[in-house]
Amino acid sequence: MIDFKSIIGKVATGATLTRDEATAAFDAMMSGEATPSQMGALLMGLRVRGETVDEIAGAVSAMRAKMLTVTAPPDAVDVVGTGGDGSGSVNVSTCAAFIVAGCGAPVAKHGNRALSSRSGAADVLAALGVKIDITPDQVGRCIAEAGIGFMFAPTHHPAMKNVGPTRVELATRTIFNMLGPLSNPAGVKRQMVGVFSRQWVQPLAQVLKNLGSEAVWVVHGSDGLDEITISGPTFVAALKDGEITTFEITPEDAGLPRAPAESLKGGDAEANAAALKGVLQGKPSPYRDVALLNAGATLIVAGRAGDLKEAVALGAQSIDSGAAAARLAKLIAVSNTAE
């Protein structure tokens, strides 16, 4: 058993933890072996100093070791945002997930209810009629039969109940805001991850590389969006063939028009569900464009397209042929017929 006090003492001096120390510390927290004050001290110490790649990788390893896993094809992909960007935008990655699935790439989407916005992935999917509180085996069946499955974080990460109250009391962003998107229960090795701050774009790509991911885009919009934005440039760190490159992309790179960030403002779960349905029905809008851009990046990560223009054209075909909407209909049907 780890000496948690010595870990806090180390962080208090400004020293960094090794990956193994971080794994042990977060294992203790999620096992209920650390007291609330010890957890709060460590989380705030890391936040104030700034978490390192090794510390995040160690924490993710601890979280992955405790999660309830889902069986998915080896080429499955996730498209997910950290949330916490304060934008109150429509559900971009959720909409993108159906577009990607409509292109034939298996999607193992991981998400939760809203933390800071009015509608998280789980909220909007539930409003659409998807059953979200299903077992890991049932999620696997959704991926196999519908080409897409949704893994509701609390179901797959039961050990998080031990840190939940401390997180609520701290009421500020901690390392845990980054761990969820990096701890996909289907063990996907291809990820499109949006983050709430530019400072984390390159480090999180490095974390995923260190943890064995094969193809990754980590993105942050210049307007603060934890997705690829259509209001301006987006900062990207891409992992491909073991190498990480950083670059910027714009909507024009994909042949899409710009639109102000305000055009992506969302509402509650019902309003966002209606907007998502509108996109899948083929209605032109800035929401369609931003969903296509994020789906396009995910298709590149999935190995289905070589560049953004090609990827966005594939995504548009997925919508306009009805394939994306068919994936949603199938997910609703399969998730509600639990065996």
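Cβ coordinates come from backbone N, Cα and C, glycine included.
Record features (Swiss-Prot):
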- GLY81, 84-85, SER89, 91-94, 109-117, ALA121: 5-phospho-alpha-D-ribose 1-diphosphate binding site (BINDING)
- GLY81, ASN112: anthranilate 1 binding site (BINDING)
- SER93, GLU227: Mg(2+) 1 binding site (BINDING)
- ARG167: anthranilate 2 binding site (BINDING)
- ASP226, GLU227: Mg(2+) 2 binding site (BINDING)
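Positions of Swiss-Prot features highlighted on the structure.
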residue	record	Cβ within 10 Å
GLY81	5-phospho-alpha-D-ribose 1-diphosphate binding site	27
SER89	5-phospho-alpha-D-ribose 1-diphosphate binding site	26
SER93	5-phospho-alpha-D-ribose 1-diphosphate binding site	26
HIS110	5-phospho-alpha-D-ribose 1-diphosphate binding site	27
ASN112	anthranilate 1 binding site	20
ARG113	5-phospho-alpha-D-ribose 1-diphosphate binding site	17
ARG167	anthranilate 2 binding site	18
ASP226	Mg(2+) 2 binding site	26
GLU227	Mg(2+) 1 binding site	30
GLY81 (5-phospho-alpha-D-ribose 1-diphosphate binding site) and GLU227 (Mg(2+) 1 binding site), Cα-Cα, nearest whole angstrom: 7
Separation of alpha carbons, SER89 (5-phospho-alpha-D-ribose 1-diphosphate binding site) and ASP226 (Mg(2+) 2 binding site) (Å): 10
ASN112 (anthranilate 1 binding site) and SER89 (5-phospho-alpha-D-ribose 1-diphosphate binding site), Cα-Cα, nearest whole angstrom: 16
Where ASN112 (anthranilate 1 binding site) sits in the secondary structure, as DSSP reduces it to three classes: coil
Spatial separation of ARG167 (anthranilate 2 binding site) from HIS110 (5-phospho-alpha-D-ribose 1-diphosphate binding site) - C-alpha basis, Å: 20
Cα-to-Cα gap, SER93 (5-phospho-alpha-D-ribose 1-diphosphate binding site) vs ASN112 (anthranilate 1 binding site), nearest whole Å: 12
Local backbone state of GLU227 (Mg(2+) 1 binding site), from DSSP in three classes: coil
Residue pair ARG167 (anthranilate 2 binding site), GLY81 (5-phospho-alpha-D-ribose 1-diphosphate binding site) - Cα distance, angstrom, rounded: 19
